[in-house]
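Taking it in order: structure first as structure tokens, then the write-up.
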Amino acid sequence: MGQAFSITPARRLSGEIAVAGDKSISHRALMLAALAEGESVIEGLLPGDDPRSTAACLRALGAEISGIDGPSVRVRGVGLGRLHEPADVLDMGNSGTTMRLMLGVLAGQPGLFCTLTGDRSLRSRPMLRVVSPLRQMGARIWGREEGGRAPLAVWGEQLRAIDFVSPVASAQVKSAVLLAGLLAEGLTSVSEPVRSRDHSERMLRAFGAEVLVDGTTAAVRGPARLRAQSLRVPGDISSAAFWLVAGSIVPDSQLLLSGVGVNPTRTGVLDALAAMGADIAVENRREVCGEPVADLRVRSAPLKACTIGGEWIPRLVDEIPVLAVAACCAAGKTVIRDAAELRVKESDRLATMARELGRLGAHIEERPDGLVIEGGHRLVGAGVESHDDHRVAMSLAVAGLVATGTTEIADPDCATVSYPQFYEHLARVRQQ
């Protein structure tokens, strides 16, 4: 158990922040570079625990990766279908994205045997949503609960293309199937009820794969051949969300968040905060390596309640913990619904946020698929727990900026999973 993090109310927040590189894009950049022919250069890669887990797995499979903690990461790929059999178990750490996407990468490598595991949290998370469609393609995957929980064992096979209809909008499911489809003969497609984030489709196309998108259906034609690329990873809007909320609720604040990815499949947090009355300007829009990027300027503003649900959820699911903090400071009753997926993240984020914000005095009701938050009640500093969940830890730190007294967050270091510089940036922008 690490040392607790203490936070007291901020008088104001000001300054410019270059938020950490996008976690979702960082994973995909490493994986596709490892599967490509030649040497790729990736700038702005997130230097967090999760991408390190991905890099370690790819090294064990034969890719050469250097400079993982520096500004430019170099990856010499092995080419599709040429991964090496690892000598040991592949440890995914805490990264669900690594495990689910690597299942798709490994399933179509004929004759390759791998065992995948992770930490206690990851071993409890559901994997059948990915394993089932891969099995439909001919994958041989075994594990606890009939392949529903790690550790998982994979024996690579020649896969067949399928048309998969996903019951949920999940970028991880979609990406795993599309990655497996790179080595299957023909067109592999995934249809979703609502379009999930599309980083995989954009990046696969950049690396030379034939990708087709029609509404909520994405498809890839195999067998494919990937070519090395030079990439820049934009700032993570999920990390920017902490500052968007903090800058909104701390009085007299103004923050500029530079170089943030504003992919429309990820900008639900901007829509939700706009509905709550936040003062956020999207400036200097541009495109970087196929991804839309902008600078975000946030100024403090009185917030009002809104309803968050439906088609918004896939576009802001990772930001719901910090949006719950915003709701505590908004006038009226905010309803968050259709978010049962949060129960199977690094923690049960609905239960966790209800419990921990309740400790700070929030009027919050947990529901099976969401939260109901009666805003406008003053938060009071107290001891709270991160539950070893990076987004919970950082959300509680944002709450501590407006809670009276001192808020003590137990096990705060889990923030390094997605935003290693978070506490450093917090110290820099707060004005005592």
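The backbone N, Cα and C atoms fix where each Cβ goes, glycine too.
Just one of GLY93, GLY96, GLY147, GLY148 is listed by Swiss-Prot for the same phosphoenolpyruvate site as LYS23, ARG125, GLN172, ARG349, ARG391, and that one is GLY96. The recorded positions near GLN172 (3-phosphoshikimate binding site), taking a 10 angstroms Cα-Cα threshold over the set ARG125, ASP318, ARG349, ARG391, amount to none. Look at the binding-site residues LYS23, ARG28, LYS345, ARG349, ARG391 and count other Cβ atoms within 10 Å of each Cβ; LYS345 has the fewest.
Annotation for SER24 (3-phosphoshikimate binding site): spatial neighbours THR97, ALA171, ARG197, HIS199, ASP236, criterion Cβ-Cβ under 8 Å with sequence separation of six or more. Within 10 Å of the C-beta of SER170 (3-phosphoshikimate binding site) there are 20 other C-beta atoms, taking all protein chains into account. Straight-line distance linking the Cα atoms of LYS345 (3-phosphoshikimate binding site) and ARG125 (phosphoenolpyruvate binding site), rounded to a whole number, equals 7 Å.
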